[in-house]
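Chemist: Provided herewith is a single structure, encoded as structure tokens, for subsequent inquiry.
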Amino acid sequence: MKHPNPNTIQVLADEETPRAPAKAVMSQQALVSAYGAEVPLLFPSSAAWLPAGDGGAPRRNRFAFVCATLASMTTMLHSYNLTLMSGAQLYIREDVGLSDVQIEVLTGSMNVFMLVSILGAGWLADRLGRRCVLVIANAFLMAGALTMSLGSSFVTLMAARFITGIGSGFGRVVTPVYNTEISQTSTRGVLSSFLNIFINVGVLLSYVSNYAFSGLPVHLGWRIMYGVGVIPPVLIAAGILFMPESPRWLAMRGHHAEAHAVLLRTSDTPAEADLRLSEIRQAIAQWHQQETRSVWQLIVRRPTSLRRILMCVLMLDFFVPASGVEAIRLYSPLIFKAAGMKSNSAVLGITMAIGAIKICFILVGVLCTDRLGRRPLLLASTAGVTVTMTCLAMTLCIGAASAAKMVICIASVLAVVASYSIGYAMVVNTYNSEILPLRLRATGLSMGVAVNRLTSGLVTMTFISLADAITMPGCFFLYAGMTAAAFVFVYARLPETKGRSLEDMDVLFVR
């Protein structure tokens, strides 16, 4: 083999392999331009980015897949603890002696408590890094699950929900930021949707836990449901410590050599890593040129693309919980009992079907998001939820309790969940994390998730009272109307983002 020119750094394929691709050469001058003065002496050796695929095709990188999976597991714990109340409330009410109002507040309060950490998560993630905040989130989730399992009064249980809410808020904001920033353009839709996949895995596990421990004594079953959530955060936090930091956060802090090392491990080829680093550095440079005006001045003082982007994020995060699907998720036992189902075990068994349907249609959405695009899935999902939510309301309106009404009610609930899961449940987080520019991404997502959780808290903390005031069918007609408004908003205001780099999104919102 020829010795490489000392003035170049070469990535060479084995010459004995006839199908190896051509050499990729990058001059020292180009490296210095990309890194500044921080040219590393050694690059990380990762087989994931060596061009060793069959037929000369680069091997598809799996390291980013592993990182996104670990980060997303934090949101699985969030949804597990939140949704567990759906079935646990049946036993907590009897064991602790809580009223309807206390159950309603306990069920929905976690969404409100999350606001404390949500509003600070973006600031903290920009200073400590994405990975550090995810570790902190898991520490709070462990402490919250332990406190909940030992609680014996309304005050103690509310304190446990507060602790869990802090960890959940950190995880809900930082996970989509990390997944988006570490992924390639070609796989960003899939990796960003891991957040939603694991949220729904947590939902399914909570329903399974409800059903599995429902036969235990009243004072013990619900405590074990929460107790099994103590150990997983420890294991997940340990795994997160082995993940690399977000390359975009590293570049923002001036650590360009470390950022490039991470990009080499999360890209298919070194050339792709160089291109991604160049785009990140260009975006950061553009922001530095505007340092005389803060991002908030750019948003408030004149109608820039930033204002339109932030408005889309906030409106989407409002419409998702305003659809009422979270009320179905947390109060499905009450809905099925209103349709005539009497047995607690039968009700909890049906909730497992809800979790399974969510997972199946989330996976369908994941397979379609990088093929069909974000906009078609959002339009199909909002239209589907509008129609199926209306059917559910009409079913509860018509006739007395009967077997036929019960079957139609269950089918309608499953149809609502399926329509929601294929688009709403997994596209919105991906879309929002894509369109926000780097300088505003963590903070903007914090604001969006704050609106989401505040609206969700309003829906879940008022469902029982609202159903008493306007009837349960009236609630679902209201939610259907909100989702119809969301369809109009998506159709009129949201452009397609499929296939665009993160640094090129703002052009879609310039008019």
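A Cβ is built for glycine as well, from the same backbone N, Cα and C atoms used for every other residue.
Predicted automatically and left uncurated, TrEMBL annotations should be read as such.
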Chemist: With the ranges 11-31, 158-178 to choose from, which does TrEMBL describe as transmembrane segment?
Modeler: 158-178
Chemist: Can you say which of 101-125, 158-178, 190-208, 470-492 has the most Cβ pairs under 8 Å with the transmembrane segment (63-81)?
Modeler: 190-208
Chemist: Considering only Cβ pairs under 8 Å, which range in 101-125, 132-152, 220-243, 309-331 makes the most contacts with the transmembrane segment (440-464)?
Modeler: 101-125
Chemist: Within the same chain, where does the transmembrane segment (346-368) have neighbours whose Cβ lies under 8 angstroms from its own Cβ atoms, ignoring anything closer than 6 residues to its ends? I mean 6 or more beyond.
Modeler: 86-87, 189-190, 193, 196-197, 200-201, 203-208, 210-211, 214, 328-329, 332-333, 336-337, 377, 410, 413-414, 417-418, 420-423, 425-427
Chemist: Between the transmembrane segment (132-152) and the transmembrane segment (190-208), are there three or more C-beta pairs closer than 8 Å, counting only pairs 6 or more apart along the chain?
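Modeler: Stretch pair does not touch.
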